[in-house]
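Listed in TrEMBL for this protein:
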BINDING   A:80, A:106, A:107, A:108, A:109, A:110  S-adenosyl-L-methionine binding site
C-alpha cells in the first residue's frame, strides 16, 4: 500500500517548520512521499537530508498543482479537517483499506473543492489543534500502530535507551 | 488524573507555531495545562483564545522555571525524546498509570539533567519527526484512544460532516 501526503496552502515564511514536521511525520509513520503545492526547496532539502541519514525512500515533490494531484490519484483520498467525520467512527473502515491512500493536509484555508474531491473528510477530534498531530494519529489508525515498529535502513541508528543518547553510525 | 505539559527551550521567533500546536494538541487530547519556560505571552493568548471559544479548562502558565516544575511535580514525569525507550514497549505501563503525569516536550536541545529527572524517557519511533506528533500519540496511548471522544463545553461546536463545514454557536 502506497500512502502519500499532499500538503496544501503552504506559505514559505510562516509554515516552513510546520510543513517540515508534516513531511517528517509522514516519513517516520510509514508514508512514502510528500507533494507540496509550493516551490519551497528548503522543505525538500530538510526532509531529504533526514532520509539520507536515517534511511527510507520517502520522496518529496515540490511545486505541484493540487488539482492535478487530486485528479490523477487512483486510490482513496482522505482529507484531514476538523469539520470532517470523526476518526473514531471511521477507524475500522480505514484499517481495512487496501488501496493507495492520498492524505490531504491543509494550512489555514482549504478550497471547498477539496472537500468534494476527497472520498473521506476526517476529523481527528472536532477541536482546533494541529495538522501534524492529525496526520500522526490517522496514520497510526491506518497502520494499527505497526508504523511505530517500522525499520529504517539508514546510516544513523538511534538505540532506545532508558536515560541516555545512544546512536550508532553504520557504514 | 491530571496531565500537564512542560514545553522547554521555546525560542520566541522560531518556535511560536510549533509551541502553539503543542499546547492545542495537549488541550484537544485531554491534558489540562501547559507550562512554558519562556515569557511568550502570544502563545498563552492564542491557546486561551481557543479555550474561551471551544471550551475546556486548559491552563497556560508562561515564564516558569523547568527545574522548579520538575522538582515540584508530585506524579510521574515522562520526557519525550527520540532517544528514549520505545513507546510500543511501554504502552501498557503508561495505560495503567493512576498518578498525575507531567509530559516534558523539548525543542532542539534538552539538558542532560532532564533525562535523569524524568521517570521515563519515551520515544515515539526512534526517527526524527515532531514533538507535536509524539505528544499526540503518547496521549492517545495513555487515554487508550478515549481522548478522541472528549466532550468540550464551548460556545463554538463543530458538527462532524461528510463534506461540509457545520458549526453551531451556543449561548
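Cβ atoms are placed via backbone N, Cα and C, with glycine included.
Computed from a predicted structure; not experimentally measured.
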CB-centroid shell, 8 A cutoff, S-adenosyl-L-methionine site A:80, A:106, A:107, A:108, A:109, A:110, site residues removed:
A:8, A:9, A:81, A:105, A:131
Judged by the number of other CB atoms within 10 angstroms, which among A:80, A:107 is the least packed of the binding-site residues?
A:107
Around the Cβ of residue A:108 (S-adenosyl-L-methionine binding site), the count of other Cβ atoms that are within 10 Å:
8
Taking the Cβ of residue A:110 (S-adenosyl-L-methionine binding site) as the reference point, list residues of the same chain whose Cβ is under 8 angstroms away and which are at least six residues distant in sequence.
A:8, A:9, A:79, A:81, A:104
Chain-internal residues near residue A:109 (S-adenosyl-L-methionine binding site), provided their CB is under 8 angstroms and they sit 6+ positions away:
A:9
